[in-house]
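What follows is a single structure, written as structure tokens, with notes after it.
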Amino acid sequence: MEVDEENPSSASVAEPTPPGTDAEMLATSEPATDIMGPATLTSPMITPAAVPPSAPPAVAPLSAPPPVLVPSIAPLPIVPPATSRPLAPLPVRPFLTQNGEAMASESESEDDDQGSEMDAQGSSVGYEITEESRVVRERQEKAMKEFMMKRRAAALAVPTNDVAVRTRLRRLGEPITLFGEREMERRDRLRMLMAKLDAEGQLEKLMKAHEEEEEAASAKDEVDEEMFQYPFYTEGTQELLEARKFIAKFSIVRASQRLQRARRKRNDPDEDEDAEVDWALRQAETFVLDSSEIGDDRPLGGCSFSKDGNLLATCSSSGVAKIWSMPEVKRVSALKGHTVHATDVAFSPVSDIVATASADRTAKLWNTDGTLVRTFEGHLDRLARIAFHPSGKYLGTSSFDKTWRLWDIESGAELLLQEGHSRSVYGIAFHLDGSLVASCGLDSLTRVWDLRTGRSVLALEGHIKPVYGADFSPNGYHLATGSEDNTCRIWDLRKKKSLYIIPAHSKLISEVKFEPQEGYYLVTASYDTTVKVWSSRDFKLIKTLAGHESRVTSLDITGDGQCIATVGHDRTIKLWSSSVPSEEKSMDLG
């Protein structure tokens, strides 16, 4: 053991090791004691620095043990540096955190969370906060306050009614509106103001006072409502009540007759409805131009056959309506009285009385000899279309004042002023039973009204552009409408929806008419200068009547369905008749 204690010194001298290596080994001796344990304490402790280098001859044979000890020391400078150098500063940090604690204590007043972390990291280098950093921090704090303010404002209940918003601003002592401020901007301003008051702790007190004021106001409103009850319906006149009673009785009789005829066709084995429809459609296929006559110096806007088909009435932009004899198309009389252009004309279904509508806001009633019977005044804008009730006692007019009106023929009194359209009302048509009336207009909407109650029973939406024409089918449950979207829609009143869409023309449809006996075919007129006949069974095209040189504005069909009259902007009256021999021109009415 004594020899072993002396040999390390000789071995260390024999090996040419630089001084730096010994110093590193000495420096790492302390961690080595921790790692290697007490067994390695003897070798590093014996380091005689004064051993003379003159003993190599005697120690040479004993050089075998040192190589055994050297490998145990050799790993020491390799393993500890990787673990000791990062860990060496750890015990030093408590001594350097004195300044860091002082810095953290200064920053705690500004930001307890962020400042302590930043100071703890920067304490080892000892930097100071610059002016730029302080400005950035203030900007961040301001943005955080604004964010929290908006977050608090989003949780507040703010009135959506602009009147309530103005009232709340007035109660808070703020201006109710600013220059150029809109409703949403005013509401946002109230929201931010309430959030600010909430942050300051003043909102609860103000809201309590406001609630007391609102309770007092609501109690006053309840008292006022109890004192006066507003009626839901507009009160009508006694004449309107009598008219509704008459229309109800009239429509019941007409509906009963229509249903009896339908039941007979369905149950009678001798009735072949399909054969009758085929015969009517074959007849429609033979329509040809029979005659053409210049109707006026200005474009024609409307036409109507008398109940027996012996007379035809037309109106033009000159304001003059004319009566023509059929089938010669010879002028019988001229109806002069309107100051501006006439928009429509209609014959009464029970007599030879003619009604005309004009852009001078009036409708007039005439005899066929040109005598003025009565003038109907009341509309606030120009009239569009005019139609008689099937009973012949009432007249319906549509106008650009967004209303349609019902007039008494005998007294000339205005029985009903009906609103309901958001834009101008253009077309009007009565159901053959007399119970319903359809109105259509520039709002792309068609409404069906019950004349017996005054209610709007259907609102038919589907057209994407203004609707200019409407007509009820004689079967009682189909309604056709023509629109500026170039389509004709067939509506089923039983299902309350569109049954079929006919892409009828290349331009707007100005008028639609069902064949008046059984509704076996439908005729449409358009601004594309054509008139088309469609099957009511499958709504296929039967015949195209081409002959006008300009827009076709109106059409009408005789009671027996044998003749069609059309007028247009080319100022001509054209008659289209079937080429079937006269002995076969008889349709079974049942």
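Glycine is no exception: its Cβ is also placed from the backbone N, Cα and C atoms.
Note that the structure is a prediction, hence the values are computed from the model and not measured.
Range 1-42 is the one annotated as region 'Disordered', of 1-42, 253-294, 295-336 (source: TrEMBL). Residue counts for the domain 'Pre-mRNA processing factor 4 (PRP4)-like' (160-213) under DSSP, helix first, then strand, then coil, are 39 helix, 0 strand, 15 coil. Beyond the repeat 'WD' (335-367), the same-chain residues lying 6 or more positions past its ends with a Cβ under 8 Å from any Cβ of the stretch are 298, 301-307, 311, 313-323, 373-377, 379-388, 390-392, 395, 397, 399, 407, 409, 554.
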